[in-house]
Structures are given as C-alpha cells and as structure tokens.
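Comments concern the structure below.
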Amino acid sequence: MRIPKALSPRLQKQLLRRFGIYDKVHPAETTPSRLVPEHIEKPDYILGKLLNTSKKPEIKNEEQIKGMRNSCNVAANILKIVQPFVQPGVTTDDIDELVHTLSLEAGAYPSPLHYKGFPKSVCTSVNNVAVHGIPDLRPLQNGDIVNVDITVFFKGYHGDCSKTFLVGDVDDHGLHLVHATEDCLNQAIKICGPDVPFCDIGFRIHRIAKRHKLTVLPAFVGHGIGKYFHGPPEIYHTQNRYPGLMKPGMTFTIEPVLSHGNENTILLEDGWTVTTEDGARAAQAEHTILITEDGAEILTK
C-alpha cells in the first residue's frame, strides 16, 4: 500500500508490515462493450431465455461431461495465453480485448459479457479489488497483482477458471498472498471425491489460510456449472454447514479469495466491483472440477 505521508512514521511502518507495498486501485474510464458476431452460439441469458436449473446438484452423463471438458479446455487455453501478456503498461481493457478475441476465434461466447448487465468479456481484479473488477484504461503498474477470471460458453457449456498474475516485481507480501491462495485451491481439490461433504472444502481452505496467517473473504462462493453459468451446489471457502455430498458426474468451481486484511468488502457504485474494506490486497484462484469414481479431475488445468 502506498502510505499517506501525513501518517506518523510508526503507523506507516505498521501498515507496510501488514499489507506490503502497492497502489490502491479505483475504477477508471473504460471502453464500450465489445461485439459478438451472429454465428457465435449465445447462452440463455443473452437470448432472453430462462434455463431451468435443478435445485439439486446435477450429475452429468458422459455426453455432458464431454461438453464440460471441451468448454473448460477452451477457458484454460485462453488463460494460458493471457499470462505472458500481463505486463506493466498493459491495461485491463487490453486484457479484455485479448480474451474477447481469443474466445471468438475459438468459437466461444465470453460468458461474463452482458451477464446480468456486466459490460465486459472478462473480470480483472487488481490489488485491493477482490472480485468482479471491470476492465478499464488504467495501465498495470510494476508490483501490481491482477486476477483474470475467464468463463466461456462453448457448444452449450460454460467453462470457468481464474488466476492471479504478478505484474513485474511484486513485493514479498504480494508473492506470499498469491502463492498461499493457490495452495488453498490445490489442497481443497485434493480432498474432493465421492461422498465427501461439500462443506469439507471450506474447512480445508480455512485451515490452510489460517496457517498462512491470511483471511478468507467469505462473501464469495464457488458454484455448480454446466449448460448454466451458476447453479447448485454452492461451494463455501470457509467454515460452513452447507449440506450434501459430492457424487461422480458433478462439476463445480472452487475459487477462494484471500486477503491480508479483515473479511469485510465493499460493493462499489458500478454494481460489480468489490473491494476490500480496509484496502488490503486480495488474490483469487479458481478451477472447474469434475467428481470422478475415485477422486476429482481438474477440467481447467
């Protein structure tokens, strides 16, 4: 955090010791929503249709699982291409343009675009922005961290993944936050399998985050995914009592958000951008997984 000079030297040192060195980010000017050609298949919410989603987690058949593999593969490949593109001087709107173009080239629709009014094709959350950052014209700075959250709708199915990237030289606090968040995701996936309670994911992530002396932001949950963007089950990333057991054929996301500060967040006036209340940085990591007969498969790896 860039410390205001008006603060006492002692308080400046305390804040630096707790949160590290970075710029607090505020929403900036952006560009209009990008266009999608007519031939690209659109999801239900773009077509004005209400997709009937079961109140229970869906157990997918082989055909549906194949559809999920394909959509998740597209999303993962786009995220992989984005990684080296994230450099100081690049804007998050540039990232949006790249993701949008790559999605269309793959024959996919960028799922966030116009979902409940979201104006862009990807979510980009920088530093103290926890989730749902709207890509804008602010150039990324050396030392930033930025989460790029990609979902595509490909041949009838959504695939969803995200990663927090390091921009140039990131301080030790930022490095630890990003690596610990990935550790939480990976450790949570390892416990998934048939007849494992959904709530165990949250307990595992809570313990790992506590070990790293970080806070899980409880406002954000993973979700079931398929022909629908969001559906049951809800995947909590902290201690919880969410009912139900994992079964082979279920697909859902795990996407913890961790921070150096407290668990409180603020929804900004744009109706999407969520920042940490105390200005601390946040990091997120996400995969879509499939429950198999003997464990779990990462579909977006």
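Including glycine, each Cβ sits where the backbone N, Cα and C put it.
Quick look at what TrEMBL annotates:
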DOMAIN    67-293  domain 'Peptidase M24'
BINDING   His132, His230  substrate binding site
BINDING   Asp149, Asp160, Glu286  divalent metal cation 1 binding site
BINDING   Asp160, His223, Glu255, Glu286  divalent metal cation 2 binding site
Task: Pairwise Cα distance for His132 (substrate binding site)/Glu286 (divalent metal cation 1 binding site) [Å, integer] - done: 14
Task: Inter-residue Cα distance where the pair is Glu255 (divalent metal cation 2 binding site) and Asp160 (divalent metal cation 1 binding site), in Å - done: 10
Open item on the list: I need the nearest neighbour of His223 (divalent metal cation 2 binding site) among the binding-site residues Asp149, His230, Glu286, using C-alpha distances.
Closed with: His230
TODO: Please report how many Å separate the Cα atom of Glu286 (divalent metal cation 1 binding site) from that of Glu255 (divalent metal cation 2 binding site), as a whole number.
DONE: 4
Open item on the list: To the nearest Å, how far is the Cα of His230 (substrate binding site) from the Cα of Asp149 (divalent metal cation 1 binding site)?
Closed with: 14
